[in-house]
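Colleague: Sharing the record's features from TrEMBL:
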type	residues	note
DOMAIN	B:68-118	domain 'NADH-Ubiquinone oxidoreductase (complex I) chain 5 N-terminal'
DOMAIN	B:134-416	domain 'NADH:quinone oxidoreductase/Mrp antiporter transmembrane'
DOMAIN	B:422-602	domain 'NADH dehydrogenase subunit 5 C-terminal'
TRANSMEM	B:6-27	transmembrane segment
TRANSMEM	B:117-134	transmembrane segment
TRANSMEM	B:140-160	transmembrane segment
TRANSMEM	B:172-191	transmembrane segment
TRANSMEM	B:211-233	transmembrane segment
TRANSMEM	B:245-264	transmembrane segment
TRANSMEM	B:276-294	transmembrane segment
TRANSMEM	B:325-350	transmembrane segment
TRANSMEM	B:406-432	transmembrane segment
TRANSMEM	B:453-472	transmembrane segment
TRANSMEM	B:484-502	transmembrane segment
TRANSMEM	B:586-604	transmembrane segment
Amino acid sequence: MSLVHINILIAFAVSLTGLLMHRSHLMSALLCLEGMMLSLFILATLTILSTHFTLANMMPIILLVFAACEAAIGLALLVMVSNTYGTDYVQNLNLLQC
Amino acid sequence: MNLFTSSTLLTLLMLITPVMMSSTDFYKNNKYQHYVKNMTLLAFITSLVPMTMFIHTNQEMLISNWHWTTIHTLKLTLSFKMDYFSLMFMPVALFITWSIMEFSMWYMHSDPHINQFFKYLLIFLITMLILVTANNLFQLFIGWEGVGIMSFLLISWWFGRTDANTAALQAILYNRIGDIGFLLSMAWFLHNTNTWSLQQIFMLSQNPPTLPLLGLTLAAAGKSAQFGLHPWLPSAMEGPTPVSALLHSSTMVVAGIFLLIRFHPLTENNKLIQTMMLSLGALTTLFTAICALTQNDIKKIIAFSTSSQLGLMMTTLGLNQPHLTFLHICTHAFFKAMLFLCSGSIIHNLNNEQDIRKMGGLYKILPFTTTALIIGCFALTGMPFLTGFYSKDLIIETATSSYTNAWALLLTLTATSMTAIYSTRIIFFTLLEQPRFPPLMNINETDPMLINPIKRLLIGSIFAGFILSNSMPPMNTPLMTMPLHLKLTALTMTTLGFVLAFEINTYSKNLKYPYSSDSIKFSTLLGYFPTIMHRLSPHLVLTMSQKLATSLLDLTWMETALPKTTALIQLKASTLTSNQKGLIKLYFLSFLITMTLSMLLFNYPE
């Protein structure tokens with residue numbers, strides 16, 4: 001693959017790691033999720049434009065729409081958590097603990 | 001020759017008869033004491049026959065009577081060895097026992113169980129004679145244990161007294177420790193020389209290794225109160241005075257020394273054992289002489305004097321002189337028994353007062369006892385040409401002129417002068433000065449049952465040394481020439497001791513005791529030996545056993561090892577492996593690791 005692709009893939013991997021290994025705030029997980037979406041969008045657009053794959057010109061835009069909805073849901077959940085506990089610490093999500 | 005065997009066996013049989021009569025009516029009335037005393041007298045006269053035959057012909061005899069058992073190759077018979085030692089010791093022991101029995105008819109007159117007392121004394125005498133005449137180690141052991149048991153029964157004669165019971169128990173325990181050594185040597189001899197009979201042992205092991213002789217030395221140290229196993233002897237003074245006179249001065253305590261004398265063909269080849277005996281004896285004699293210097297009980301002073309003389313006997317054995325040791329045993333028996341009888345007379349006359357600080361001025365009141373006491377003390381210290389001189393002076397001469405350990409010699413000489421010092425102490429405190437006892441005392445010494453025994457032993461104390469040493473054939477070349485200062489060593493040390501003690505006693509008798517001194521505490525508390533050994537080691541052992549039983553066994557092995565550990569493991573595992581703890585981070589982390597691993601594995605399969 002070319003250098004550009006490697007670069008974007010590394011960005012994706014870094015965001016994935018940040019999503020899975022966040023420390024205490026739920027907000028950082030949501031931010032990393034947005035980062036993953038963004039890097040995916042850039043990767044798809046670059047590949048489709050450079051290979052002149054015209055039939056798939058719409059895919060990145062639809063991806064962006066769904067990412068925006070999902071971000072809205074995530075933020076709503078964050079607001080709900082923050083209303084109950086005052087902060088968005090992940091360790092507060094322990095109602096199922098036995 | 002026929003008379004030899006029969007009179008020896010008759011002596012032993014005569015003594016058994018009164019013991020067997022104790023189940024009859026004869027035992028209940030007052031005649032029993034006279035019967036026992038007369039039997040002992042007759043046994044003494046009968047035993048003079050083999051003794052004079054032996055002196056005349058110098059022929060030893062071995063009487064092997066009854067074949068008891070044969071276990072594989074070990075043959076055990078009832079055998080008596082009549083050689084110089086047993087034939088000379090038997091009349092001496094019987095004479096002294098006869099005198100002591102007559103004395104105890106006066107001393108124990110008001111005791112309700114006096115017949116039992118005489119029976120015990122007789123059983124003791126029988127077992128002692130079994131020990132002395134034994135030809136094999138098994139028979140010797142029977143006599144050994146017998147004298148130990150009779151010592152226990154006689155020390156605790158007044159068993160209502162706690163101190164008497166403790167003392168008897170102490171005697172048994174210390175003797176038991178010595179018995180370990182005895183059994184060790186018995187086992188060694190059985191294993192290596194296949195026999196317990198003395199003749200075969202002497203033939204088969206000319207150069208024995210140290211181990212059996214070490215066992216025998218331990219046995220002698222236990223029975224004869226050498227240093228380390230000595231505290232039982234002063235405690236044994238809790239028994240009545242006849243018991244102290246018979247057992248713990250003349251007869252029983254020399255059993256250990258006698259055992260080593262019996263084994264002299266083995267010890268004369270082993271230099272290590274000789275050095276060990278020399279050092280042990282020298283240490284004992286000095287230590288007990290130091291302890292005797294500050295005792296206040298007259299019987300304890302004489303007991304320590306006995307212990308000191310036993311140390312001297314052990315030293316002589318270490319110089320490879322068994323016959324000289326035996327001579328000292330016989331002469332020492334006479335004057336030591338007499339000293340005890342005199343102290344018994346003093347104690348009984350002063351209404352059972354034993355503390356010398358409360359006696360005094362008996363010089364004019366009890367003239368006969370005074371005479372006997374002074375002659376006994378002189379004989380003890382080795383005044384020339386009394387009894388003690390013939391053995392003690394010879395011992396010191398041999399020690400100073402032999403190629404031996406100078407330290408042991410120095411200790412022995414110091415102990416010799418200390419003998420004179422404590423003898424002076426006894427004489428000074430009991431006989432001289434003004435009386436210190438309450439005035440209304442009924443003092444008399446007119447009873448013939450008191451006077452005659454002391455008179456007989458007095459004659460023995462003066463002449464027995466001469467007679468015995470003239471009847472002894474010389475066993476090794478005596479040293480004929482020595483420098484004058486070596487010859488006069490014993491006399492010089494003794495005179496020094498007498499003069500020193502008399503001076504100090506005279507000018508310090510009205511001064512106050514400086515009790516804060518440490519050296520006097522060392523001497524009065526017997527060198528701290530009973531304090532440490534009787535309290536510290538039982539305490540340590542009991543504490544250790546308590547810790548082992550409760551902490552180690554009960555708490556650890558029974559409780560914690562299986563039940564509590566299993567419970568703990570189960571609890572931890574169940575808390576670890578139960579789910580839904582809300583550990584989101586852990587779940588995300590595991591997802592990441594799985595993905596990374598799978599990508600690596602699928603992309604790089606080789």
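Using N, Cα and C of the backbone, Cβ positions are placed for all residues, glycine too.
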Colleague: Using DSSP, what is the helix/strand/coil residue split across the domain 'NADH-Ubiquinone oxidoreductase (complex I) chain 5 N-terminal' (B:68-118)?
Modeller: 29 helix, 13 strand, 9 coil
Colleague: Are there residues at least 6 beyond the ends of the transmembrane segment (B:484-502) whose Cβ is under 8 Å from a Cβ of it, and what are they?
Modeller: 381-384, 392-393, 396-397, 400-401, 413-414, 416-425, 428
Colleague: Against which stretches of its own chain does the transmembrane segment (B:325-350) lie, if we need a Cβ under 8 Å and a gap of at least six residues from its ends?
Modeller: 84-85, 88-89, 92-93, 96, 99-100, 103, 106-107, 241-242, 244-246, 249-251, 254, 257-258, 261, 298-299, 302, 305-306, 309, 312-313, 316-317, 358-359, 362, 366, 369, 372-373, 375-377, 379-380, 387-388, 390-392, 394-395, 430, 437, 441-445, 450, 453-454, 457-458, 460-461, 464-465, 468-469, 472
Colleague: Taking the transmembrane segment (B:172-191) as the first stretch and the transmembrane segment (B:276-294) as the second, find out whether 3 or more Cβ pairs fall under 8 Å, excluding pairs closer than 6 in sequence.
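Modeller: Not in contact, no.
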Colleague: Residues sitting near the transmembrane segment (B:453-472): Cβ under 8 Å, six or more positions beyond its termini, same chain?
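Modeller: Those are 55, 84, 88, 92, 95-96, 99-100, 102-103, 323, 327, 330-331, 334-335, 337-338, 341-342, 345, 368-369, 371-372, 375-376, 379, 385-391, in sequence order.
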